[in-house]
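According to Swiss-Prot, the features are:
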BINDING   Gly16, Ile17, Asp18, Gly19, Ala20, Gly21, Lys22, Thr23  ATP binding site
Amino acid sequence: MHDQIIPCGMLVAIEGIDGAGKTTLARSLALKLRGVGLETVVSKEPTNGPWGTLLRQSAATGRFSPEEEVDVLLRDRRQHVEDLIVPMIGRGAVVILDRYFPSMVAYQGAAGLPVDALLEANAFAPRPDVLLLLDVPPAIGLQRIWERGSTPNHFETTENLSRCRDIFLALELPSKRVIDATANAETVFSAALGLVMEVLRVRLGALGAVVLERLAG
């Protein structure tokens, strides 16, 4: 079966504080979309490229200042946009991102940098067709981090995650949809899939009826 092409492609960004379930949802959505013949690519930010790797190394040690982190994040994102996001959207694929520019706005904003300036710095980044914000209280996010066998880093404190959550919720982006991620993974997936299908219904039109029927099944 040939992959179904979506006119102009589709960009799905999954956001939320640490422990919200972003990676799980990204994988589940990709599996479902691929299963009905939609070419789907999953990526993440920071990426595995040189700038993203540098940032993750810094996150473990906390040696970068917020301003330095912004510089590295923007370099990583520009490369991501140029090398993967724009080309894949251009060929009609669904691109699912596990974190995108709203994470930088929330986390660096929580560190004290101006939110408006952070948004402006990301003006080059294509806006998502749907931005799925998985909302959980910090206590639940931290509990999930411990339960998966990880140790919270210097970003992952109740106070910092609370500030990040507030910024995420306050961001005024037209494609943002908030999902209660305190629910189980199946419920979150169902809600997210419904929101993705709304966009697909418009993009695919009558030609996508079969695809949408399979997704709903």
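Every residue gets a Cβ built from N, Cα and C, even glycine.
Feature map: annotations from Swiss-Prot on the structure.
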residue : record           : Cβ neighbours (10 Å)
Gly16   : ATP binding site : 25
Ile17   : ATP binding site : 30
Asp18   : ATP binding site : 21
Gly19   : ATP binding site : 25
Ala20   : ATP binding site : 25
Gly21   : ATP binding site : 24
Lys22   : ATP binding site : 23
Thr23   : ATP binding site : 14
ATP site shell beyond Gly16, Ile17, Asp18, Gly19, Ala20, Gly21, Lys22, Thr23, criterion: Cβ within 8 Å of Cβ centroid: Leu134, Val136, Gly141, Arg144, Ala181
DSSP three-state assignment for Asp18 (ATP binding site): coil
